[in-house]
Amino acid sequence: AILQMSGTRTDVAALVACCSATAFSDLTFALSAPFFPNEAAAHSLSPGTIGLIFATQPLCVMIGALGSPMVIERAGPFVVLRMATFAQSVFTLGFGLTDLLFTGRLPFLVACIMLRAAQGLACGLTETSAASLAMRSVPEHRITSAVGGVSAARALGVVLGPPIGGVGFDRMGFVAPFALASGLLLFLALAMLVLPVSPAGILPSAQPNAPTWSLLKVAPVRVALLCMWLVHCSITFLAPTLQPFLAGSPFYMSSSFIGLSFMLCTFAFAITAALGGVISDAIGHARQMMGGLAFIAAGYTIIGPSPLLWRLFPPLEQSTGLALLALCLASMGGGLAMVPASPLMVLGAMRAGFGSQESMDGVAALATLAGSFGGFCGSIVGGLFVEYMAFPAAAATFAALPILLIPSLCPFRAKAPASQLV
């Protein structure tokens, strides 16, 4: 797929670097989920405090994304990607050593929060520079495919993180998973010293960019950012809510089966994201995003299923098969809706008079910011909804959000010419 996006050796190398960096970055954060909460509890940390450690990362990713356009403008996306990858390698190894170096409750907590914050800042630079470099490294009509490849790589990192972390911890202890992730990031950073990359990815911007926030004046940018925020909300909404629902009647799923269910969701998202460029070429960006939002709404309506569906279809009952179908629908919808969002924003910004590199750098930063904020909001919204209503009603209420967003994409349904980011 990467070879089809761009035929030159330098551009293929840049895309491989982008996909690898984002995959390793997401793997680094995902691998701690199976074992870190228990280890932190052994240091006398409460569940709320452990949640604070996990929440530090998306907040700092947003901060890193806000400052990334200025850094990319001065140094170029490839240099920023290489340095941010190296920084993540160092901070990841440091996080793995906290269990050995800090025995007291307060020193361990402070070290974890500080290192997690540093990882988040570096991750914000990594994700933004990777997206910018990927968009610069392909012809304009292949940007959707490039973004889809990077999104699929991120999903792969999320899938592989928990099993690698769990096995590494069981076999070799707390340090091993982080040492492995740090080694992968360090290897990639060193490899990028010799990778051939086109001048578009190395050179800084030829002229100063307009402030990133000025892109928000463009209507397609605002709508696409809302869509990206909602997609990430839909992913993290299930993190605090799905396990209690599936563990109870009538499912009685084990933790292992629920973990496999989440893995199935991620695979569905990755496959759809990888195919997103081809689909968008055929039907257009806005139409694909509208279809993706409809899939998310359908998945969240069915998973409960919604009390309204019970009344319309009395034979419909809760079942494992129906729940898995709903999860796949929602995940596929996320992949369909997210991949064309960045190209739609770039095209809208260029039509509004922004330069191509200026648009790509700003869009990459805003997309990272919207995604991180959506991921942060999703867990909070999910927890609050389920606290005040049953899961079926909470999921059905959330399903209304993508339905309400679909009409806002209607003005942009016209398919762009092939020369303008199909």
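Just so you know, the numbers here start at 1 and follow the chain as drawn.
Backbone N, Cα and C atoms are what each Cβ position is placed from, and that goes for glycine too.
Any TrEMBL annotation is an automated prediction that lacks curation.
Features of the protein shown, as given by TrEMBL:
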type     : residues : note
DOMAIN   : 1-420    : domain 'Major facilitator superfamily (MFS) profile'
TRANSMEM : 12-36    : transmembrane segment
TRANSMEM : 48-67    : transmembrane segment
TRANSMEM : 79-102   : transmembrane segment
TRANSMEM : 174-198  : transmembrane segment
TRANSMEM : 219-239  : transmembrane segment
TRANSMEM : 251-279  : transmembrane segment
TRANSMEM : 291-310  : transmembrane segment
TRANSMEM : 322-350  : transmembrane segment
TRANSMEM : 362-385  : transmembrane segment
TRANSMEM : 391-412  : transmembrane segment
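Nonlocal intrachain contacts for the transmembrane segment (251-279), taken as residues 6+ away from its ends with a CB within less than 8 angstroms of a stretch CB, comprise 1, 5, 142, 144-149, 151-152, 155-156, 158-159, 162, 235, 238, 242-243, 245, 288, 318, 320, 323-324, 327-328, 330-332, 334-336, 338-340. Only residues 6 or more beyond the boundaries of the transmembrane segment (291-310), in the same chain, are considered here, and those with a CB under 8 A from a CB of the stretch are 227, 230-231, 234, 283, 316, 318, 322-323, 325-338, 391-393, 395-396, 398-400, 402-403, 405-406, 409.
If you average pLDDT over the domain 'Major facilitator superfamily (MFS) profile' (1-420) in this model, you get 83.
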